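A quick write-up on the structure given underneath.
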Amino acid sequence: MKSCAILAALGCLAGSVLGHGQVQNFTINGQYNQGFILDYYYQKQNTGHFPNVAGWYAEDLDLGFISPDQYTTPDIVCHKNAAPGAISATAAAGSNIVFQWGPGVWPHPYGPIVTYVVECSGSCTTVNKNNLRWVKIQEAGINYNTQVWAQQDLINQGNKWTVKIPSSLRPGNYVFRHELLAAHGASSANGMQNYPQCVNIAVTGSGTKALPAGTPATQLYKPTDPGILFNPYTTITSYTIPGPALWQG
């Protein structure tokens, strides 16, 4: 058991050195909710279990990314070998979700940030990720005047990003898919880096709108999309944020 603990520590260290980040936690109107963190993977390996959290299980052991050549694989849904979170957080429609990335400072100032949502027909804790159809509710790209990307804004905000749950969204069980697309290598084929992170949230309130038909995660992006393969190191006057159209609610 002692050797397992040592291996776990080494694994966590390797992740912090080689990797980039994941959603460590998220708050809703100030209420803290734990995300799935790398420590939990090693807890599962050593003990067979880990804490019940709303963040989805994923095996991004290097805190790394999904590359464009993996866009048609299940890993693009909610990261590598992802599985639903064991519980759901609760939030009223119209609430703000603040996603906290970590464990260190996000290293990439180039690239957009997007967030999707899907309603589960039952509990999101047992949903089949391959059957989910995603609707985009938030997107941010580049400020053409300042040439500052959304990910630089995230860094300036202490690795935090705020997403508003549409006020009109009807009550139900939802999975929110929050994603950074790091574009520092986007000028080369297969150079974009996607960091999808998923959390379960039970939405309450008086909203009445159902989500429109969504898009399977494996169809959200193509490696040659103009917002995926482009030169981020030139003055940008037009940029198409990857993914389907934004739902206005």
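Each Cβ is built from the backbone N, Cα and C atoms, and glycine gets one as well.
Counting only residues at least six positions away in the same chain, the Cβ atoms of L63, G64, F65, W106, P107, H108, A182, Q193, Y195 sit under 8 Å from the Cβ of H20 (Cu(2+) binding site). In the three-state DSSP scheme, H20 (Cu(2+) binding site) is classed as coil. According to Swiss-Prot, the feature Cu(2+) binding site maps to H20, H108, Y195.
The Cβ neighbour count for Q193 (O2 binding site), using a 10 Å radius over every protein chain in view, is 20. Sequence annotations record features per position, and here Swiss-Prot assigns O2 binding site to H184, Q193 based on similarity to another entry.
Cβ neighbour count for C198 (disulfide bond) (all protein chains, 10 Å cutoff from its Cβ): 30. The annotation disulfide bond is assigned in Swiss-Prot to C78-C198 (among others).
According to Swiss-Prot, the feature disulfide bond maps to C120-C124 (among others), an assignment based on experimental evidence. Note on C120 (disulfide bond): other Cβ atoms within 10 Å of its Cβ, all shown chains, come to 20.
Sequence annotations record features per position, and here Swiss-Prot assigns N-linked glycosylation site to N25. Of all the Cβ atoms in the protein chains shown, 19 others lie within 10 Å of the Cβ of N25 (N-linked glycosylation site).
Sequence annotations record features per position, and here Swiss-Prot assigns signal peptide to 1-19 based on sequence analysis.
C198 (disulfide bond) carries a strand DSSP state (E or B). Sorted by the number of other CB atoms within 10 A, the binding-site residues H108, H184 start with H184, the lowest. Neighbour count (other Cβ atoms within 10 Å of the Cβ, all protein chains): 25 for Y195 (Cu(2+) binding site).
In this structure the C-alpha atoms belonging to C124 (disulfide bond) and H184 (O2 binding site) are separated by 34 Å.
For C78 (disulfide bond), the Cβ neighbour count at a 10 Å cut-off comes to 29, with all displayed protein chains included.
For N25 (N-linked glycosylation site), the nearest of the recorded positions by C-alpha distance turns out to be C198; the candidates were C78, C120, H184, C198.
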